[in-house]
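The next block holds one structure in the form of structure tokens; read it before the comments.
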Amino acid sequence: MFVTKVTGYKRLYYATMYSLKGLKAAFLSEPAIRQEMALLVVGTGLSLWLDVSGLERLIMIGSILLIIIVELLNSAIEAVVDRIGPEIHELSGKAKDIGSAAVFMAIVLMLVCWGTITYPLVLQAFELT
């Protein structure tokens, strides 16, 4: 039996609805997502307030968005591992640890981006240049 796939705008609509459902589920069940969304709001406001170029602003906001993207993937990995079973298994722990490491690396990248962009502004503000 052949299954007819939804195509065109209808597929785009359904894909968008599923994505929003996933964002809502993550927001409601994952404290880290809520914290990172708050960081996005504050970081976006700060990047708009600071005297930086459009590209620098894009890097600043994009680096926070990357954390959220990686956190969503990490949450999906954790949900699948938890669904498999409650028993402790080396591979389950490894999967969760690697997902957590990916989030950590995204945070390090964000800190490097923000530090590189704001360092000259801090020096200038305190007249250290």
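In case you wondered, yes, glycine gets a Cβ from its N, Cα and C as well.
Annotations in TrEMBL come from automatic prediction, not curation.
Not measured: the values here are computed from a predicted model.
Per TrEMBL, the feature ATP binding site maps to Arg11, Tyr18, Glu30, Glu78, Glu87, Ile88, His89, Lys96, Asp97. Look at TrEMBL and you will find Arg11, Ala32, Ile33, Arg34, Gln35, Glu36, Trp49, Leu50, Asp51, Val52, Arg57, Glu71, Ser100 tagged as substrate binding site. The divalent metal cation binding site annotation in TrEMBL covers Glu30, Glu78. Among the features that TrEMBL reports, transmembrane segment is placed at 58-77, 98-122. Under the heading active site, proton acceptor, TrEMBL lists Glu71.
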Long-range same-chain neighbours of Arg57 (substrate binding site), Cβ under 8 Å, sequence gap at least 6?
Ser47, Leu48, Leu50
What does the structure give for the C-alpha distance between the residue listed as 'active site, proton acceptor' and Glu78 (divalent metal cation binding site)? Integer Å is fine.
10
Same-chain residue ranges lying at least 6 outside the transmembrane segment (58-77) that approach it to Cβ under 8 Å:
22-23, 26, 29-30, 32-33, 36-37, 39-40, 43-44, 46-47, 52, 95-96, 99-100, 102-103, 105-107, 109-110, 113-114, 117
Greatest Cα separation in angstrom, residues Arg11, Ala32, Ile33, Arg34, Gln35, Glu36, Trp49, Leu50, Asp51, Val52, Arg57, Glu71, Ser100 binding substrate per the record, works out to 41
Euclidean distance between Cα atoms of Glu78 (divalent metal cation binding site) and His89 (ATP binding site), Å:
13
Please name which of the binding-site residues listed here, Trp49, Asp51, Glu78, Ser100, is nearest in space to Glu30 (ATP binding site), Cα against Cα.
Glu78
For Gln35 (substrate binding site), what is the tally of other C-beta atoms lying within 10 angstroms of its C-beta?
12
